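Trainee: Mind looking over this structure? Questions follow.
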Amino acid sequence: MTATHRGAQADASAPAGPLPPEAAAKRVAWLRDELDRHNYQYYVLDAPTIPDAEYDALFSELQALELEHPELQTPDSPTQRVGGEPLSAFDSVRHRVPMLSLNNGFADDDVLNFDRRCAQGLGRTAPAAGEQDLFSAADAVEYACELKFDGLAMSLRYEDGRLVQAATRGDGETGEDVTVNVRTIKAIPLKLRGQAPAVLEVRGEVFMYRGDFDKLNERQAEAGEKTFVNPRNAAAGSLRQLDPRITAKRPLSFFAYGLGELQGVDRPPTHSAMLDGFAALGLPVCKDRAVVKGAQGLLDFYRDIGQRRDALPYDIDGVVYKVNALAEQERLGFVSRAPRFALAHKFPAQEMTTIVEDIEVQVGRTGAITPVARLKPVFVGGVTVTNATLHNEDEIRRKDVHIGDTVIVRRAGDVIPEVVAVVTERRPDDARAFVMPTACPVCGSHIEKLEDEAIARCTGGLICAAQRKQALLHFAQRRAMDIEGLGDKLVEQLVDQGIVRTPADLFKLGVAKLAALERMADKSAANLVAAIDASRETTMNRFIFALGIRHVGEATAKDLARHFGKLDALMAADEAALLEVNDVGPVVAQSIAHFFAEPHNVEVIEQLRAAGVHWTESEPVAKAPAPLSGKTFVLTGTLPTMSREDAKELLEAAGAKVAGSVSKKTDYVVAGAEAGSKLDKAEALGVPVLDEAGMLALLAEAGAAPAQE
């Protein structure tokens, strides 16, 4: 529960020495209330007010007092989350109000038809088939929209505000009693806040944040234990542990989204009001929700969430629409085992099963040998996937991937498809294990694997045509020399026909030679020659990045250019001198020194200079503390006078880190026009928000001048 500031800490200091029973009872009550309050601030408000160490001290004090005064221990105490003795089996629980599944929709027409059915069921004039938005604002049905979490459905029963039972969905009528395990989940309150109903059944989802899932798998791997395929499997497996002490160690979370049995108070008028009520009682409720009208409102919500899906910190597989008014939900009722008033609008699946037809290896720019699974085509993540990376030989062995296996393939957003697990029970008798080749499939050079590296590499260097092709593509990319028009197919022809062997050869190309190549004509050849000619004027950091030195990315290239000022100074630097550069460690320093010690590389650089490649050099900048070092910024929206990339360069030049998402660790958000959810989250977390002028003023105050290329 990391925080950047402390809240009010009345009575926070632990008393010295043993307490008499009456004082102990008061102290225990205060500690429980204080720990419950901090859990609420952390899990519901997402705004913690004390650091982890202080929370742990309060928790330890409560544990000690309950041990000293066992008569004060109660089932809803925060100390009771640690888990008790293992169970032999889970008991069955019959749901008083069934936990029904939802009908699914996959296309826009499914949503239009759902809206039409709801309107007709409520006696409103519905649009004709294939049409939408024919309602007046008064006629359109109001819906509550929320996320469809990819976790495990759960029912929590509270009596007089205290958690008495937790059960899985099961078949909807009967589930399993997992109360002892659920009590270990810190996000779920053991006691509700405020005036709680006599009976409240809360429906929601137990899930795992992606970051927590990654850390769990790291711990599992370090301990030599089985890792989990995805967060959903991890959440389900953790919750169904017979030993609650294991569950207590798993980073499970929870969001409330529905209502079961309710006694002692009236039902709220709307679904959205119900969720607000849950939050007031201390239950975690997802903030990514909206109330909309009509089919167009539903589709707009779906598309907005779809665009932000990969940036969310947890997995979802769609969105859920519910008629907002609970009275209207009752009027619409149910059909079979699903409510008429709700629809789950699914996203394209991000995981599917298919068959590994072969495993081949690809050779990268630095000689890295990467095994790639050739797959039976499968539609996943919105595209047809035929290949998936297997990363390296160790990863193949760890996942036990064989040719012929049925595997689970995952593709999320722009992420390269990967094989995440093997369905071993479907392995055919003729499945074959992968054997890493000892010679490069492109040039025949020896493949070596160093002891401290997972990746095997071709030793051929630029003798290897595959490495030459990748090196040329890297050299020409937009963020390097920016040679527009030099793509994969053209580079392949230039290398295969022996026209280009090094980047310097690009500057010898003429229109006639290029026009003779496949898919090239005089105009496109002339355009490419012009682009190559324009690239002669560049910047030192772009040139360094274009060289393709292993471990040297854009940020390191900028640091090197800024530190040395002149290329000759960089080329002459030994490892000790390189270690003086910001963020350059021993591995990177060794890689740079080895690159410039290779005569062939120096020869290519001199050929490039002779071809007219040039930049403005400057005096070296002594290493100094970066004024914004340690600060994390997030950029969102459109800035008035510069691109976000320009703003990022300014901030990074001042030592700041620029992140892609807002969290409690973010120091500033720089927001321009049409800033989206990042701005909302910053305001919710209390992160300072700057406009472009504010960012520039902060840079000026810190003495950080704009980076010079």
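Heads up, the Cβ atoms here are built off N, Cα and C, so glycines get one too.
The region 'Disordered' annotation in Swiss-Prot covers 1-20. The NAD(+) binding site feature in Swiss-Prot is assigned to Asp52, Ala53, Glu54, Tyr55, Asp56, Ser101, Leu102, Glu146, Arg169, Glu205, Lys322, Lys346; the stated evidence is sequence analysis. Under the heading active site, N6-AMP-lysine intermediate, Swiss-Prot lists Lys148. Annotated Zn(2+) binding site per Swiss-Prot: Cys440, Cys443, Cys458, Cys464, in sequence order, evidence recorded as sequence analysis. According to Swiss-Prot, the domain 'BRCT' annotation covers 623-709.
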Trainee: Near Cys440 (Zn(2+) binding site), how many other Cβ atoms are within 10 Å of its Cβ?
Mentor: 24
Trainee: Give me the count of other Cβ atoms within 10 A of the Cβ belonging to Arg169 (NAD(+) binding site).
Mentor: 20
Trainee: For Asp56 (NAD(+) binding site) and Lys148 (active site, N6-AMP-lysine intermediate), what Cα-Cα distance in Å is obtained after rounding to a whole number?
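Mentor: So the Cα of Lys148 (active site, N6-AMP-lysine intermediate) lies 34 Å away from that of Asp56 (NAD(+) binding site).
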Trainee: So among Glu54, Leu102, Lys148, Lys322, all listed as recorded positions, which is physically nearest to Cys443 (Zn(2+) binding site)? Use the C-alpha atoms.
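Mentor: Smallest Cα separation from Cys443 (Zn(2+) binding site) among Glu54, Leu102, Lys148, Lys322: Lys148.
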Trainee: Measuring Cα to Cα, how many Å separate Lys322 (NAD(+) binding site) from Cys464 (Zn(2+) binding site)?
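Mentor: Cα of Lys322 (NAD(+) binding site) to Cα of Cys464 (Zn(2+) binding site) measures 59 Å after rounding.
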Trainee: So among Leu102, Lys148, Arg169, all listed as recorded positions, which is physically nearest to Cys440 (Zn(2+) binding site)? Use the C-alpha atoms.
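Mentor: Of all the candidates listed, Lys148 is nearest in space.
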Trainee: Other residues near the Zn(2+) site, CB within 8 A of the CB centroid of Cys440, Cys443, Cys458, Cys464?
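Mentor: Once Cys440, Cys443, Cys458, Cys464 are set aside, the remaining close residues are Val363, Gly367, Pro441, Val442, Gly444, Ser445, Ile447, Thr459, Gly460, Ile463, Ala465, Ala466, Gln467.
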Trainee: Among Leu102, Arg169, Cys458, these being the binding-site residues, pick the one whose CA is nearest to that of the residue listed as 'active site, N6-AMP-lysine intermediate'.
Mentor: Leu102
Trainee: As a test of reading the model: what is the averaged pLDDT for the domain 'BRCT' (623-709)?
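Mentor: Averaged over the domain 'BRCT' (623-709), per-residue pLDDT gives 82.
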Trainee: Validating a neighbour-count step here. Other CB atoms within 10 A of the CB of Lys322 (NAD(+) binding site): how many?
Mentor: 23
Trainee: Using DSSP, what's the helix, strand and coil tally for the domain 'BRCT' (623-709)?
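Mentor: The counts are 29 helix, 16 strand, 42 coil.
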Trainee: Under 8 Å Cβ-Cβ from Cys458 (Zn(2+) binding site), six or more apart in the same chain: what's there?
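Mentor: When sequence neighbours closer than 6 are ignored, Cys458 (Zn(2+) binding site) has Val363, Gly367, Ile369, Cys440, Val442, Cys443, Ser445, His446, Ile447, Cys464, Ala466, Gln467 within Cβ distance under 8 Å.
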Trainee: Output, ordered by sequence, the same-chain residues six or more apart from Leu102 (NAD(+) binding site) with a CB under 8 Å from its CB, or 'none'.
Mentor: Val320, Ala338, Pro339, Ala342, Leu343, Ala344
Trainee: Can you see whether DSSP assigns Asp56 (NAD(+) binding site) to helix, strand or coil?
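Mentor: In three-state terms, Asp56 (NAD(+) binding site) counts as helix.
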